[in-house]
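**Q** Before anything else, here's the structure in question.
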Amino acid sequence: MSSAPAAGTASTSRFFKSHVSETDPDIFSAIQKEFGRQQHEIELIASENIVSQAVLDAAGSVLTNKYAEGYPGKRYYGGCQYVDIVEDIAIDRAKKLFNCEFANVQPNSGSQANQGVFNALAQPGDTILGLSLAAGGHLTHGAPVNQSGKWFKAVHYMVKPDSHLIDMDEVRKLAQEHKPRIIIAGGSAYPRKIDFAAFRAIADEVGAIFLVDMAHFAGLVAAGLIPSPFPHAHVVTTTTHKTLRGPRGGMILTNDADIAKKINSAIFPGIQGGPLMHVIAGKAVAFGEALRPDFKVYIKQVMDNARALGEVLVQNGFALVSGGTDTHLVLVDLRPKKLTGTKAEKALGRANITCNKNGIPFDPEKPMVTSGIRLGSPAGTTRGFGVAEFQEIGRLISEVLDGVAKNGEDGNGAVEAAVKAKAIALCDRFPIYA
């Protein structure tokens, strides 16, 4: 006599076999629409990129099911033998990629990586010295609205008014005056190389820890196409997306064993619990991709494309902060066209070109208005755009923004429609996840 199926067998089978398209059409619809947006819009947000199918596979794997508080070999849960393998691989690849001795791959974001460093190496009320947000710095470097600006006494250096390069004389003066616990180099909208040796010399003069936040340019460092923060930095933080082309997350690197020990404790149990093992797997895959020779070819193209884009914009009457770029991004000063960043971002969005409004040094406009836009080449380069395509993108941007300059905020509808069609056609020539 055959036994009846166990209660719940059918529903259990559906649970493990049904895709989101079947179980949650609202979410599936939003995902599909976002895929369509990414497929048919020119992505110029400098902090965004497009991951490989392999990274997507790892980040969407069964590793999401596993809790793994602690570190490889020292977990607070059983059954971690395979996620230990994943995290060890991620750590080893990160150390090889950046030629350093220690790596913590658990931070869930660049912000949490920075918070972890502060938690490890400073006390509330200590002074930190970083690049002003108004000059291209980052919120987590002591902006008043950020936790870093609430917990610490934040002092900020600027760029020079004429060149828009970091004013190292001011850095030294402020360091000597305020004796910061931590000096920070790096930012979110600074398009030039940074003199890490000069920063370290100042840090040594005042007994400060030197932190480099290379979230934006980590891929360029990994490829060996701009100078590495090591051996100058005591500690380095980064995101794992942006130019590294991995999943969204953070990482902390150092060559100092004592700092590494403090960092590990600061991340867990200090500010995080169980790490996101599926994301760490995605990081490991991305690091492996970045260790291949073709990654250097990719990053060189990223840099060439950013320069080409900037040159076309200058030819069409725009100004570039610092006069150009050494990296993956250009910061465009819109004042020669009498435009604001808000108007430019909206108009370009209508034409299927995605970017973000951004303040420029000594910006007369409010932070939610701005006098600039920030443009980056990583995502477009990932999908295959070369110099010719970025030159065309520069011309398309110019056409749209000239329409806004002439006609006001609503722009030139006919021009925007024509540019949108060209943007879609360009993207169709270089499809993603085809």
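Backbone N, Cα and C atoms are what each Cβ position is placed from, and that goes for glycine too.
Take a look at what Swiss-Prot says about it:
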- L133, G137, H138, L139: (6S)-5,6,7,8-tetrahydrofolate binding site (BINDING)
- H241: site 'Plays an important role in substrate specificity' (SITE)
- K242: N6-(pyridoxal phosphate)lysine (MOD_RES)
**Q** Please state whether DSSP places K242 (N6-(pyridoxal phosphate)lysine) in a helix, a strand or coil.
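**A** Going by the DSSP assignment, K242 (N6-(pyridoxal phosphate)lysine) falls within a helical segment, counted as helix.
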**Q** Near the (6S)-5,6,7,8-tetrahydrofolate site, what residues other than L133, G137, H138, L139 in the same chain have a C-beta no further than 8 Å from the centroid of the listed C-beta atoms?
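**A** Going along the sequence, the neighbours come out as G130, L131, S132, G136, T140, H141, G142, A143, N146, G187, S188.
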**Q** So if I measure Cβ to Cβ from the residue listed as 'N6-(pyridoxal phosphate)lysine' and keep only same-chain residues at least 6 apart in sequence, which ones fall under 8 Å?
**A** A46, S47, E48, N49, A215, H216, A218, G219, P378
**Q** Least buried of the binding-site residues L133, L139, going by other Cβ atoms within 10 Å?
**A** L139
**Q** How many neighbouring Cβ atoms, not counting its own, are there within 10 Å of the Cβ of H241 (site 'Plays an important role in substrate specificity')?
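**A** Excluding its own Cβ, H241 (site 'Plays an important role in substrate specificity') sees 27 Cβ atoms within 10 Å.
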**Q** In sequence order, what residues of the same chain, 6+ apart, have a Cβ less than 8 Å from the Cβ of G137 ((6S)-5,6,7,8-tetrahydrofolate binding site)?
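**A** When sequence neighbours closer than 6 are ignored, G137 ((6S)-5,6,7,8-tetrahydrofolate binding site) has G130, L131, A143, H156, G187, S188, Y190 within Cβ distance under 8 Å.
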**Q** Are there residues of the same chain, six or more positions away from H138 ((6S)-5,6,7,8-tetrahydrofolate binding site), whose CB falls under 8 angstroms from its CB, and which are they?
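**A** H138 ((6S)-5,6,7,8-tetrahydrofolate binding site) has long-range Cβ partners N114, G130, L131, G186, G187, S188, D213, A215.
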**Q** I need the CA-to-CA distance for L139 ((6S)-5,6,7,8-tetrahydrofolate binding site) versus H241 (site 'Plays an important role in substrate specificity'), whole Å please.
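**A** Approximately 18 Å lies between the Cα of L139 ((6S)-5,6,7,8-tetrahydrofolate binding site) and that of H241 (site 'Plays an important role in substrate specificity').
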